[in-house]
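A.B. asks: Can you keep this structure in mind? I'll have questions shortly.
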């Protein structure tokens, strides 16, 4: 693809992600309820929500998920995200670096993320069709602490100029074996089923980002870019974030990041209770950044951290291990899903 067209597509994605943003997500967190504890017997200051993701220690179990890069406009956004990550103590993931692997002129639009967050956790990001050499280059480009490999079959098939060949597992296994940083395999809004998770485990994957349905919808975005816009029947394709979390509970050796439709601290708390080590948000953060400014978005994410501590205090849980022991009440729809999929709930 012509590189200027690739950069234009990145700008399109940014604009369309905001166009299709909805304040109410369809990730199904509203179909889960905690049981209130009137006597928690802890104080707010007792709560320690630090977490571990593979060898990485995170003081905050929230992260800024992969969004963008590849054009001057998106380079500015990445600089803002880097500063927000530094101010909030949150990990941050780059958008796909594919364009920067082909065109050196695009590299600064990604390195602005690290330049503005020199001491924080930064995750590189490439597609699953790339080889080990590309993976190492992406990590080196950002001095990254981990690499995300995104699997985005649904997006590619709807994208007019997208890939049509999806022999990815060998690439993923080779990269996991060759890299000296953790490798996270990431969906981009369509969720993961236990069959997928089993395949990933078989090639050595230990960390996954479930990327469930409910947040940014790349079928909607790519279909909008088609002349006929004829693939709208796929706009509900995939497993929700909550369904994906139940799928992942069948694979206890995998460590999970939950993303997809995280709109508030209560969503994050529910995801952590279902087993996620870290919870990520992209669309909500991008929406705040576009509609307000960097300072307001930073304040929002600091408020989320206070909110998560508040919820954990309400439940009488001082750490994430205790939070994961909380039983959640499920809607009939979720119970039905788990029963049909033979998932423990």
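Including glycine, each Cβ sits where the backbone N, Cα and C put it.
Keep in mind it's a predicted model, so treat the numbers as computed, not measured.
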A.B. asks: Could you look at 125, 145, 152 and say which one Swiss-Prot places alongside 66, 67, 68, 96, 186, 216, 261, 262, 263, 282, 283 in the FMN site?
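C.D. replies: Of the residues offered, the record points to 125.
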A.B. asks: If you count the other Cβ atoms within 10 Å of each Cβ, which of the binding-site residues 68, 125, 155, 216 comes out on top?
C.D. replies: 216
A.B. asks: Other than its own, how many Cβ atoms are within 10 Å of the Cβ belonging to residue 9 (substrate binding site)?
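C.D. replies: Neighbour count, Cβ to Cβ under the 10 Å cut-off: 19.
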A.B. asks: Enter the number of other CB atoms within 10 angstroms of the CB of residue 282 (FMN binding site).
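C.D. replies: Around residue 282 (FMN binding site), other Cβ atoms within 10 Å: 25.
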A.B. asks: List every residue in the same chain as residue 156 (Mg(2+) binding site), at least 6 positions away in sequence, whose Cβ is under 8 Å from its Cβ.
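C.D. replies: The list for residue 156 (Mg(2+) binding site) reads 162, 163, 164, 166, given in order along the sequence.
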A.B. asks: Taking DSSP as the reference, which of helix, strand or coil describes residue 125 (FMN binding site)?
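C.D. replies: In the DSSP reduction, residue 125 (FMN binding site) maps to strand.
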